Every structure is written in C-alpha cells, then in structure tokens.
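Everything below concerns the one structure shown next.
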Amino acid sequence: MKELLIFLKRMHHVSGVKLYFNFFGMMLISSLEGIAIFLLAPLLSITGITNMQTASIPYITQVTDWIKQIPGNYQLLGILLLYVALVVAQAVIQRNQTILNSQIQQAFIKQLRLDTYRELLQANWTLFLRTRKSDINHILNTELVRIISGTSMALKLATTFIFTIVQIAFAMFISPSLTVFVIICGIGLALFSKRYRKRAQVLGKETTELSKSYIAGITDHFNGIKDIKTNMLEQQHYHWFRQICIQLERNFNQFARLQTTSQLFYKVTSAFIIGLFVFLSFEVFKVQGGELLLIILIFSRLWPKFTGIQSSLEQIIQSLPAFKSLVELQQECREARELESLELSNYEQPLRIRHDIACQHLSYRYEGSASAYALHDINLTIPVNSTTAIVGKSGAGKSTLIDMLIGLIRPESGMVTFDGRQLNDQERIALRQSVSYVSQDPFLFHASIKDNMRMAQPDATEAQMWEALEFSASAEFIRKLPQGLDTIIGDRGIRLSGGERQRLVLARAILRKPSILVLDEATSALDSENEAKIQRALDQLKGSMTIIIIAHRLSTIRDADQVIVLEGGRIIQQGGYVQLSKETKGEFSRLLSYQFGVNA
Ligand SMILES: Nc1ncnc2c1ncn2[C@@H]1O[C@H](COP(=O)(O)OP(=O)(O)OP(=O)(O)O)[C@@H](O)[C@H]1O
C-alpha cells in the first residue's frame, strides 16, 4: 500500500485544488441523493399511495407541514418539481464531476509517463547495462496500464467511500440503531473478506512476473526473428509462447474467479443480512413503516457500494506490484541520475581537449561479474587529433575501453584524465557533447533521412548534410532514392542495406563536427570499394579531430598513429602499426598474418 500512497500523493501534487473540488462534488451528489430519498416519505404519504407511519422520521413533520401550506391541488406538483430539481441538479453535478475525475486522472497519467521517461533519459549508462530493455518496455506499457486502472480504482474507491459516509450519515439521522446494526454487519464482512484481498495480492505479483516474461520473450524473439527463420526454430519459440499464454490465461481466470467468488459471497451474505435486518426491524426495534422504507432504500443503494469497495480493493491490491515496479524503476533512475536537466543549453559548451586523454592504472568490472575484469590495469595516452586503433579478440574489452574514454562508465580503480586532470560531472557531460559515436549496430529512426541527420545537428542546412553524405560515400545512393533526403527510412532503417546504414550514420556523426570521433566496428558492413572511400575521407580528417577506431578488419587501421592490442582486458601491445607488425612474436603480427591468410 506504501506505493499506492506515493502515487496518491503525486496525484494530489499534480491536481492540487481540483482534487478537493472533486471530493466536494461527490459529497454534494450523495447529499442530494439522500435528500431525494428523504423526500419520498412525504411524497408517498401526501399522495396517499401508502398509508405509512412517518412521524418517527426526524424533521418529517416540519417538511410535511410546509408542504401542506401549498394549496391542495399543487401539493403533488410542488413536491414532484422539487424531486425533479434534485435529480437534475444531481445529474448535472455528476456529469461535471465525471469530467473533472477524468481530467485529474489523465493529467496524472501524462505526468507519470513524462516523469518516468525523463528520469530514464537522465540516468547514466550503468542503469541500462543492468536493466533489461524489455523490462523498461514492460513498465512503460503493461505496468502503466495496470497503474492507470489501479489509480482509477483508487479514485472510484474514494468516491464510493464518500458516498457511503454521507449515506450512512443520512441513515444515522433516520434510524441510528438500524444503521449501527448494518455497519457492524458490513465490518464483519470486510474482515472476513481479507482472505480474498490476500489472494489478490499473490495473483497480482504473478501477473507482473508473467507479463514481464511475456514482453521480454517477444522482444527477444522478434529481435532474433532472422535467426529463428533461418535456423527453423519456429516450433520451439511457438511452444514457449504457448506456455506463457496458458499461464497468463490461468492467472487472469484465477483473478476473475476470485472476484466473482467474493462478489457471490457478498450477495448471498447480503440477502441473509437484509432478511435479518427486516426481521429485527419489526420484531426487535419495532421500527415504523416509513422509517423502515427509507432505511431499506438507503441500504439497498448502499449495500452494492460495500460490494464495490471490496471489488475495488481487490483490483487495487492486484495492481500494487505494478506500482511497486514503477517506484523501483524511478528510484533506480534517481540513484543513477547524471543529467539534472535535459536542456543542453544548461550545460557547459562541448569540452575542447588541448593535449591528450590518458588512462592510468584503470580497472573495471561489470556488475555481477565479480571476478572477471573487463579492463585491468590499463595505461595509455591518446594525443589530441591523433588516430588510435584498438584491436583484439572478441570480448577483449575494446568497447568497454571506449565507454570509459567517453565517460559513459567510470573506472572501478585508476582514472581517466583529460589534459592531465579528471573531469567533474558537468565536464563529463560537456565531453559527451564533443563526441560522435558510430556503433557496430547503427541506429536510425523511422523518419526521413533529413530528420535522422538533424537528430545530431538540429540546425544543419541541406548543403551541410550533402557535404557529410559525400564524406561518408552515401550521397550517390541517396540521390537515387525516390524522395532524396526526404525519403522515410523504415523501422531501424530496415529498408537500407547494412552498409548503407553504416554510411548514413557515419555522415550523421560527421555532421556534428565532433572533436572526438569514435568508430566502433563502424565500417564492418562495407564492401572494399566503399571502405576505401571512407578510408580516404578519414585520412582527410586526420589531424583535425581525435579518432578512435575499433576494427576487426586490420586493413582499415593502416594509417593509425598508434595501435593498442587488448587481450582479456589488458593491453598486451602498444605502438605504431608498422612497429607492431614487425614484432613477429606479438599478438598483432599473429592477427595480421591470420587476416592476411584469410584475405588472401
Ligand atoms: N553489460 C555487460 N555486463 C556484464 N559483462 C559485460 C557487459 N558487457 C560486456 N561484458 C563483458 O566484458 C568483457 C569485455 O566486453 P567488450 O564488449 O568490451 O569486448 P569487445 O572487445 O568490445 O568485444 P567485441 O569485439 O565482441 O565487441 C567481456 O568478457 C564481456 O562478456
């Protein structure tokens, strides 16, 4: 329940005074309903429909006397008009209150979405290293829907609660003894129903786990759909999917069964209670007809609300694990926060390095891999505006070293220095503004080429874009596209080949005019002709920016000023390309001869 309270507090924060208006509206509606019921007694006795004893109902004689002052023919008309006015007023307030309710809810949901998304963007890279992306998707989609329904239930519960209190106040006013009896029955029932709420809690946790696995599974499967198709793995995946669907079906059915059982229990019990209630009214409390009629009217409307309270509670409890997941994610985001604001103008200008970037005795382990160092005792210097190539086998630590150099992750021990000193948090953000990074798996948004380019440099002109595209040997193929720069490239640029995607992302990186350009296997999908073109373009950049290249294809790093060879997270060789290639017993020579053999 702690999490629900957090959300209700936030709702209060978002809606402010509207929330009080909402509650006031609810009280007004319930009061008008109470008055309408109260007026039924004089209505019935004046019309003579029933010949009831109404004298025991408080204030009824005053009301009846007041009505009797109206000339005979108009008495019925007067009371009916009053009744209609009450119902109309109630309906109008009800409408406005429903709109207000919806506005409060939607404003809260919008804020929740914005806060969560912003907090995710403000978090540092380590959060994304330890959190599955599918879990984030799951929270932003499935869990948010459950939170929305949970909060809507909480509001409904508040409405029902206020309605119940006001109606009980009316009932107390008409007959305290009978009301106390019904309340005691209601409390007894609520206590007895605790078992249903506990079961709802268990089922809610199960729903969270199942839907998390569901989203994670389908995300993984469709990311790897090519592997599934080419390796004929459809059957295994369908089998997994079928199992999880069966579990989900069972989970939802169990909750439906739980809810209907508790509703059935409530209805059966209420039939007994009403019977007992009428019996006791006549036999024990000797209640008069009019009083009994009003009390029955009030409680016949109130009893379903008791059932509603139980049902809302079960649904809120069932959605509590979703609240918990979101609170935990937001908490983690806050702990991992690196950006205080998303407005780049609030930060320092891109960092300009004058001399060098250096690592001193730097070591790093990923969370959860306590014994394995991804980087161990790394010492190196990268002079500004030089080209450095990092090579090594898969898993040697190349990408981790890059992440360290551009400030995405921090060393466990040792340090990274820029012009001889470590950067503070603000400067680390400034550093990233001066970096362009092209990854092994280049990412393009489902948008036009122009929009994709502008993500990197919002104020870039078309001329600047073409210049960058010429640089990355992409201008030619883009000119051939039906709408040129305005061509929409599909989901993750799927309508472009791997090589075309890499060239486009390279153009985007250059457009930003970075002072540090990082190419992490960025030309791996290119054919020899295009690779040679990019090689020539990179040669032109030499001396104007610091270039760091990770490459498996060693032909691409021939012109590097220094080559760093990593193995098992350690630097095992370091020097110029030619120098290392002459160290015949070294790993670099071995990699070269292996590649030369392969390429030959
Ligand atoms: N997010 C992570 N969590 C835990 N361990 C990781 C993570 N990322 C990488 N590692 C481990 O750290 C080590 C270095 O990985 P890294 O990705 O830096 O190697 P790499 O040389 O870039 O490999 P490749 O050439 O295959 O991309 C590997 O043993 C890898 O398993």
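Glycine residues also receive a Cβ, built from the backbone N, Cα and C atoms like all the rest.
The transmembrane segment feature in TrEMBL is assigned to 20-44 (among others).
Sequence annotations record features per position, and here TrEMBL assigns domain 'ABC transmembrane type-1' to 59-318.
Look at TrEMBL and you will find 74-93 (among others) tagged as transmembrane segment.
Residues or ranges marked as transmembrane segment by TrEMBL: 144-163 (among others).
Taken from TrEMBL, the feature transmembrane segment covers 169-192 (among others).
For 264-282 (among others), the entry in TrEMBL reads transmembrane segment. The list of residues near the transmembrane segment (264-282) in space but at least 6 beyond its ends in sequence, with Cβ under 8 angstroms from a Cβ of it, reads 178, 181-182, 185, 189, 193, 196, 292, 295-296, 299-300, 303, 306-307, 310.
As annotated by TrEMBL, domain 'ABC transporter' applies to 357-593.
The list of residues near the transmembrane segment (169-192) in space but at least 6 beyond its ends in sequence, with Cβ under 8 angstroms from a Cβ of it, reads 34, 37-38, 57-58, 266, 269, 273, 277, 280-281, 285, 287, 291, 294-295, 298-299, 302, 306, 309-310.
Restricting the average to the domain 'ABC transporter' (357-593) gives a pLDDT of 85.
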